[in-house]
Structures are given as structure tokens and as C-alpha cells.
Amino acid sequence: MVEQGYEVVGLFMRLGLEKLDAMTKTKVCCSLEDANDARTVAEQLGIQFHVLNFKEAFDHIIDHFCTEYLNGRTPNPCIMCNQELKFGKLLNFAKMLNADFVATGHYAKVEKHNDRFLLKKGDDLNKEQSYVLFSLNQEQLSKTLFPLGTLTKESVRRIAKDLNLKTKDKPESQDICFVLDNNYHSLLYERYGNHIIPGPIKDRQGNILGEHQGAPFFTIGQRKGLGVAFGSPRYVVDINPRENAVIIGTDKDLEETGLIASSLNWISVQQLELPMEVQAKIRYHHMPAHATVSPFGTDKVRVHFNEPQKAITPGQAVVFYDNDTVVGGGWIDRKD
């Protein structure tokens, strides 16, 4: 951005993860090390640098993450963080600085077409992140730049090395930044331990097969840690928070052809008025599948897949594509 002639200001989000950072060797996002590295890069580039304290707002995201599991859903906090922090509070701070745009390191692209701003997949399909950006509205997209959208991860590394930036060999952050060792159980116990109690493990016919130690510790499609043994693999196919029950079944039982989604955001279209053929992605690492999305009641859609999909999971986002363009998306309420 500096080389292209922009007047650049560096912004860093402080999220209150210092304690977690000190407890683990696992790479977490927005750590003290990250803050120091960002400040050093800003000095190398000769730009202003600000640290923004978003600890309280980020704690709300963590709490939402926990309550979603308590309600039998599997959350994606990265999407909520993008919406509320990076393109919410951080964008608002940028406006206070009279900035024209916010630029982030997401592998995605924004293009203007007629009167709408379009969100498109990044060119590096191994890294592309349009899925976690589906909730951005037109005003946010109009103020956003994704300078890495046309680059590969390897080319970004080369640029950093050519500029001799401190972060040139920095490892990538992995998984959910506030979850220690990719195990969220201790976080749930810490915040909502009194809500987590043993309950039945059932088959799809309602027969009790065993006992679990907490339904929030399970997610659709899970195979390991079920606590019951069979001659063939079994998976979590449903979670019933009302009965505190975990339902298990076969690999075939995971297959569904439809879902209902709500809390929708449309990008390439103003509103969905008629059924539309799309490619639908039901989780971050899912290969988009051909489907028809149709209006369903108020602020809901029904999605019907051409072929059955495995492990449709309430709480995850479903994002609709027209080839490399994001049509829109929403949050999965239930299988249909």
C-alpha cells in the first residue's frame, strides 16, 4: 500500500489474550508478540501506528461462542469478529482518522460492478477467505481494500523478505485464537460449568446407548470421544439441548439434502425474491456444492442441494456463490 502511494496508518487490535499467550506455545492471534511485530513493521515502513483496545467487545464474541455450544450449535467466531471488530469498531476508528479505506490481509477481492460492490474469492484458492466475510454490507465493502486478493501466500512471503520486514518468516496463526490447544472444553467449564451436566447418548430411534459428560462438548459429524463402541464407525448426527441428548448414527445418517438459514446478508443482489441456482458452502473447508436457494418466510431461506451433503451443522454459516462471486449468506438454523 505504501509503494502504491497510499498514506498508510497501522492499526492493531488488542483483544485481551495476553494471559492465553503466556500459557501456551501455540501461536495465537493478536498476542503481545504480534503487537510488537506490528509496531516494528510500522517503524520499518515509516507509518503511524495505533493500538486499539477491543477487549470488552471481543469478550462478547467469546461469550457468544460459548452460549452457541450450550444451545447445541457449532459457532464460527471468526465471522463475528470480522463483522463486529475488523469491519465494525476498527472501521469506525479509521473513519475518525479520516481514512478513505481499511485494508486487511484477507485473501479475497472487492470489485465495483454497476451500483454494487461485489465480494469475490481470492486468487489463491488454498488461502481464500471470502466465506468468513459474507456478512459485510455494501457500506463496509465500499470502504475495504484487500491487497492480498490477487496474490498467493508464497508471493506475500517474497515481498516481506524483499522488504526485510520482521514478519517475513512469521508462522501463521491457527484455529480459533482464544481456544487453548484447540480444546474449547476448558473455556466452557470456566464460563458455564454449572450448565454442563451428563446426559444420554441415543441412537436415531431414541434408544439410550450410553452417557456423555456434556452435550456442548460435541458437534455434528464428530467421531472421536463418543464414549461408546460399535463394530463400525458412529458419528454425532444431532444434538438436542432441550433433552441434553447427543444423537449418534452412521456415516449415511450424516447426509442431508437441505437446510433452513436466517440472519441473511445479500451482496451481489439487493434481495432474494425468486429461487436461485448457486454453489453453497456450509463450512470453511467445504467444497461449494450445487444447490437452489429459495425465500422461506421472513428473513429466511430454504436451501436444497442437488446431492446430499454431510454434516450440515446449525450455527455454521452457509455462503452462496455464483462461481467466484459471493451472492450472500446466512446462518444455518436447522437441517431440512
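Backbone N, Cα and C define each Cβ position, glycine as well.
Annotated active site, nucleophile per TrEMBL: CYS81, in sequence order. Residues or ranges marked as active site, cysteine persulfide intermediate by TrEMBL: CYS177. Per TrEMBL, the feature ATP binding site maps to MET13, GLY105. Look at TrEMBL and you will find 196-249 tagged as domain 'tRNA-specific 2-thiouridylase MnmA-like central'. The domain 'tRNA-specific 2-thiouridylase MnmA-like C-terminal' feature in TrEMBL is assigned to 257-332. What TrEMBL records for HIS106, GLN316 is site 'Interaction with tRNA'.
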Candidate with the highest Cβ count within 10 Å, taken from the recorded positions MET13, CYS81, CYS177: CYS81
Using Cα positions only, nearest of the recorded positions to the residue listed as 'active site, cysteine persulfide intermediate' (MET13, HIS106, GLN316): MET13
Separation of alpha carbons, GLN316 (site 'Interaction with tRNA') and MET13 (ATP binding site) (Å): 25
Helix, strand and coil residues within the domain 'tRNA-specific 2-thiouridylase MnmA-like C-terminal' (257-332) as assigned by DSSP: 0 helix, 48 strand, 28 coil
Model confidence over the domain 'tRNA-specific 2-thiouridylase MnmA-like C-terminal' (257-332), averaged pLDDT: 98
Packing count at GLN316 (site 'Interaction with tRNA') (other Cβ atoms within 10 Å of its Cβ): 24
Structural state census, the domain 'tRNA-specific 2-thiouridylase MnmA-like central' (196-249) (DSSP three-state): 3 helix, 20 strand, 31 coil
Fewest Cβ neighbours within 10 Å, where candidates are the recorded positions GLY105, HIS106: GLY105
Three-state secondary structure, which DSSP defines for GLY105 (ATP binding site): coil
Minimum Cα separation from GLN316 (site 'Interaction with tRNA'), reported as the residue among recorded positions CYS81, GLY105, HIS106 that achieves it: CYS81
